[in-house]
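Here is what TrEMBL says about this protein:
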DOMAIN    332-388  domain 'MIR'
DOMAIN    398-454  domain 'MIR'
DOMAIN    459-516  domain 'MIR'
REGION    31-51  region 'Disordered'
TRANSMEM  140-161  transmembrane segment
TRANSMEM  192-211  transmembrane segment
TRANSMEM  223-256  transmembrane segment
TRANSMEM  277-302  transmembrane segment
TRANSMEM  591-613  transmembrane segment
TRANSMEM  625-644  transmembrane segment
TRANSMEM  656-675  transmembrane segment
TRANSMEM  696-714  transmembrane segment
Amino acid sequence: WPNRTVQSFSRRDTSTLRNRKTFPLSEKTFQTPSTAVSKDKNSRTGGQSSEDDTHRVLLMLVVGLSFSTRLYKITEPPHVCWDETHFGKMGSYYINRTFFFDVHPPLGKMLIGLAGYITGYDGTFPFIKPGDKYEHHNYWGMRGFCAVLGSFLPIFAYLIVLELSQSHTAALITASLLIFDTGCISISQYILLDPILMFFIMAAVLSMVKFNQQRHRPFTAPWWLWLVLIGVNLAGALGVKFVGLFVIVLVGLNTVWDLWRLLGDLSLSLVDIAKHFLARVVGLILLPLFIYVTIFAIHFVVLNKSGPGDGFFSSAFQSRLIGNNLHNASMPEYLAYGSTITVKNLRIAGGYLHSHWHLYPEGVGARQQQVTAYLHKDYNNLWLVHRQDNNTSQSGTPDLVRHGDIIRLEHKETTRNLHSHLHEAPLTKKHFQVTGYGTNGTGDTNDLWQVEVCGGRKGDLVKVLRSKVRFLHRATGCVLYSSGKTLPKWGWEQVEVTCSPYLKETPSSQWNIEDHINPRLPNISLSVLKPHFLEILLESHIIMIRGNSGLKPKDNEMNSKPWHWPINYQGLRFSGVNETEYRVYLLGNPVIWWMNLATLGLYLIMVAVASVALQRGFSLEHACVLMRGGGLLLLGWLLHYVPFYTMGRVLYYHHYFPAMLFNTMLTGITLDILLKSADLLLRPPYSDWLQRVGQMAFLFTVLYSFYLFHPLSYGMTGPLAHEPGSAMAGLKWMDSWEF
């Protein structure tokens, strides 16, 4: 806050006119952080050349260090590491045009597949499990692509902090913290979505702060450029992972504040304000939405072949996929007795009616055969349709099933009947258990179900694929139901099937006949109505969201907690366990991460002190940068961290890295202002000397800590950390670190 602003506040005058004159000066000054640390116009012009040269040299230094640390040993280890199993395989699916299901939007995997294709990867490596050797397969292109995007993170952070603080020192502190962080290096060097996601997040924030600095030149070419780039990068962030929503909220709050400021500018007419509003609607809503939808359009066009993800989607969706049994389907048109069928629930991700030899465990209803809903196509999804009296015509055309008929469904593999009784369902209270019961199709009266065609009348035929059907249990009056809840390990994490006493028609209680095999009936080409683009777009999002929320920890895997992350409590094994293997361990440089954590508290203290000082009329040169620039970064950290406390899905350490970027940028600004505060305690040249000593101590600490912990990123072999001769001997500062 410049001295003149504080002086205007320090003059106490009861004149309303005088107060009105001084206020606009202070507000204008407070809005633009760069004015808090810049000289007058003439001095800026005189030193512009030197300033530009310094900026170019420092930026090239940051670029060189960032790329060299990320691309170093990019081909090591030459085997699959951690989640490369998933995302490398998905890149292969794009190259082969094979449809699959993932809980994240498609952009990141599309870019990985494109990078592999351009660099000569043919999409044939199976990516079965971590540790599998790549051998002759060209994997370096996909790793290199992720590493290049990860290399931009320190560069973007440098430019963001420089824009917010107008301080090369603050920007260099930030860049050095990210360049020499072992966690940021590791997460950038493998075939993962995280470096792609963080690239778009940081690019969106950089575009936002650049756009903010153009506020005094609205509707010029640079103003439009940065506005459009915000929208493009927001679409990119959301197109990689739904975590991109957090940076959208950050940009949205900044936009609301900006429009509120414009509304208070009496030099602008309402027409001018309307133009500003419409420009932001186009750049920050319509453009990102268009790009996001286009990403999915490309996704659906490219992945046009049947694959492992078919079963997650509706029958209509599957009919689009070449090679799926429903594509240009030919089968009997109407359901008949004696047919072999699959029954699919109409709830999104409701699954196929399924059974297997495993029984319900002790204490979970009757100890009979499990009946579940399974999201994949499987032989155990097949059922035989019988009359209630098992009297099926053996000659001629088989009888057709009609609305109101009472049938039995026999599981083809195990020969047990679909059965229900008054025992409580495993997970859904007040619902009844559904089991497999009987032998060779012989059971009891609890095996009988009445067929009801939704919207039909008695005698109506059941159309394959097109009729919505409900199965009403004759003995209890309940209706067959897919709850959407995931069963525990004993149920193989499949979906719970119950018999619901609530008879209201819902997608969870509605089913359709998907596969229909009966050699005694003529096959016809079904005119299945292929869904519209918006229908499959909506279906994809519902399935992704449900799949994301239903993620469970893997066996022998610790579920990371959000409070673990800022304290660097525990990392992730990327590769190797024992001393004969090539070991890579994802763990942030503890010196840097604990410095970031301490800076959060230091920042709050400095803001409190600065607020009191300003209220008392003191002149603080860097208060605007501290509060405006630092406040924006603190908000970014909160938005990318706090929401994880509300999530019920499994969480991992790497989820914290977007928030860590904001924390690191806040550290750069805070430490820079703290060092410059030496002017408040000492006179020159002692204050300058203290600043230089502080900067050198900081640089030495960061470089030495990187020297100590760099084997975590670049690989370790030989003795483990607790053994003599290990490269990490004495560095396992927390028992929870697993290297």
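Placement of Cβ uses the backbone N, Cα and C atoms for every residue, glycine included.
The transmembrane segment (192-211) is in contact with the transmembrane segment (656-675), judged by 3+ CB-CB distances under 8 Å for residue pairs 6 or more apart in sequence. Between the transmembrane segment (277-302) and the listed ranges 140-161, 223-256, 591-613, 625-644, 696-714, the one holding the most Cβ pairs under 8 Å is 223-256.
Within the chain, the transmembrane segment (656-675) has long-range Cβ neighbours (under 8 A, six or more residues past its boundaries) at 153, 157, 160-161, 164-165, 167, 169-175, 177-178, 181, 183-184, 187, 194, 197-198, 201-202, 243, 246-247, 562, 565-566, 588, 592-593, 595-597, 599-600, 602-603, 606, 622, 625-626, 629-630, 633-634, 636-637, 640-641, 644, 690-691, 694-695, 698.
Under 8 Å from some Cβ of the transmembrane segment (223-256) lie the Cβ atoms of residues 104-108, 193, 196-197, 199-201, 203-205, 207-208, 210-212, 214, 217, 279-280, 283-284, 287-292, 295, 544-545, 548, 632, 635-636, 639-640, 643, 655, 658, all in the same chain and six or more residues away from its ends. Taken together, the residues of the domain 'MIR' (398-454) have an average pLDDT of 94. Non-local neighbours of the transmembrane segment (625-644) in the same chain are 30, 33, 36-37, 161, 164-167, 201, 205, 209, 243, 246-247, 249-250, 253-254, 562, 565-566, 600, 603, 606-607, 610-611, 651, 655-656, 658-659, 662-663, 665-666, 669-670, 673; each lies 6+ residues outside the stretch with a CB under 8 Å from one of its CB atoms. Taking Cβ pairs closer than 8 Å, the transmembrane segment (591-613) reaches residues 177, 180-181, 183, 566-568, 620, 623, 626-627, 630-631, 634, 637, 660, 663-664, 666-667, 670-671, 673-674, 701-702, 705 in its own chain, all 6 or more past its ends.
Cβ atoms under 8 Å from those of the transmembrane segment (140-161) belong to residues 58-59, 62-63, 65-67, 70-71, 74-75, 88, 91, 111-112, 115-116, 118-121, 167, 170-172, 174-175, 178-179, 184-185, 187-192, 195-196, 198-199, 202-203, 205-206, 209, 629, 661, 664-665, 668-669 of the same chain, restricted to positions at least 6 beyond its ends.
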